[in-house]
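S.K.: The structure follows.
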Amino acid sequence: MKQTLLSLSNLTKQFDGKKVLDSLDLDIFDGEFITLLGPSGCGKTTLLRMMAGFEHPDDGTIALGDQDLTHTPPEHRPLNTVFQNYALFPHMSVFDNVAYGLKMEKRPKQEIRERVEDALAMVQLEDFARRKPHQLSGGQQQRVAIARAVVKRPKVLLLDEPLSALDYKLRRTMQVELKRLQRELGITFVFVTHDQEEALSMSDRVVVLKDGLIQQLGTPREVYERPANLFTARFVGETNFFPGRVDKANGDDTITVDVFGLKRTFRKPDFPVSGGQSLHVLLRPEDIRVLAPDDEDGVAGKIVERNYKGSTLDSVIHLEDGTEVLASEFFDEDDPTFDYRLGEPVKVSWVDGWEWLLPTEPEALPEEEGTDA
């Protein structure tokens with residue numbers, strides 16, 4: 001049984017009359033890596049700042065175990081924050097940056113030295129203690145910021161998009177390092193990002209936010225493979241949306257659905273369905289199978305774009321009714337026919353059971369612009 005460490009209850013916040021958080025409830029477990037994921041303006045940064053104490057809710061409470069933190073100043077909360085710009089003191093050495101918080105608490109010199117050395121060892125920077133921040137790479141600066149945060153032994157570490165300034169390769173490396181560090185420390189990590197790949201690869205659970213409301217809370221696999229609504233399906237990864245119409249409900253917890261004129265048998269979804277009902281059939285690009293044009297199975301179309309990415313071949317296919325299909329297939333270097341020409345006719349199919357069904361309720365696309373909140 002997982003134990004709740006940080007409890008957020010009915011949190012509400014408005015800026016200039018607009019609700020940024022709307023009666024939000026969230027329990028964060030002891031020792032988990034949880035990510036707040038969403039587009040700009042969804043409320044994820046405001047929520048993190050509330051946990052840290054830099055913002056106060058208009059309504060609701062924040063509790064750490066039995067301790068009410070709602071109005072506790074940031075410096076008195078057993079939570080530390082790693083900011084996007086790291087906020088290192090440029091005139092101080094790595095050692096002094098990490099030791100700063102302990103010195104402010106007037107800890108004994110011996111204790112400070114031991115704890116700083118331990119923290120630097122955790123982030124593999126013990127040989128860099130005398131360097132200044134400008135002598136470090138971006139990844140090393142980030143690790144110093146993490147060491148400075150964990151040296152005070154917080155119960156929760158809050159990370160506000162700490163990887164966004166790093167290049168792609170270093171960002172991938174630091175994703176692995178952060179997860180390793182979190183496991184070794186056993187500290188609860190609350191991570192904020194708009195990057196779906198980061199959220200899926202690092203988290204124990206993901207909170208998908210939109211307009212100050214939780215759209216879905218679950219494991220990365222649940223969020224990706226079984227999105228709760230159209231917003232989550234669109235925002236987390238790429239998705240093909242096929243129009244389906246229920247032909248009939250079968251007697252074995254399955255339904256027959258007409259998709260592009262094909263009768264496919266699907267598992268009955270969690271929402272009520274009846275004959276003639278329209279619904280969305282969701283398939284990720286990696287679920288799509290591209291077949292030869294004379295194959296008996298599948299829907300006819302043609303290749304309009306292809307991108308070789310080393311391990312995968314990504315294709316865009318236009319079906320005869322104009323529907324655009326994204327397909328991502330693992331590249332088979334032993335198959336000389338595994339490639340496509342632009343304009344080449346193909347058929348599109350998938351394995352029954354790989355699809356996910358959602359009702360055809362109207363849902364706005366995620367906004368790409370706006371000030372993050």
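Our numbering is plain: 1 for the first residue shown, then up by one each step along the chain.
Backbone N, Cα and C define each Cβ position, glycine as well.
From Swiss-Prot, here are the annotated features:
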type    : residues                               : note
BINDING : G38, P39, S40, G41, C42, G43, K44, T45 : ATP binding site
DOMAIN  : 6-236                                  : domain 'ABC transporter'
S.K.: Which residue, out of the binding-site residues S40, T45, shows the minimum number of other Cβ atoms inside 10 Å of its Cβ in this structure?
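M.R.: Ranked by other Cβ atoms within 10 Å, the binding-site residues S40, T45 bottom out at S40.
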S.K.: Take every residue in the domain 'ABC transporter' (6-236), average their pLDDT values, and give the whole-number result.
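M.R.: Taking every residue of the domain 'ABC transporter' (6-236) together, the mean pLDDT is 92.
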S.K.: Could you say which of the binding-site residues G38, P39, G41, G43 has its Cβ with the most other Cβ atoms inside 10 Å?
M.R.: G38
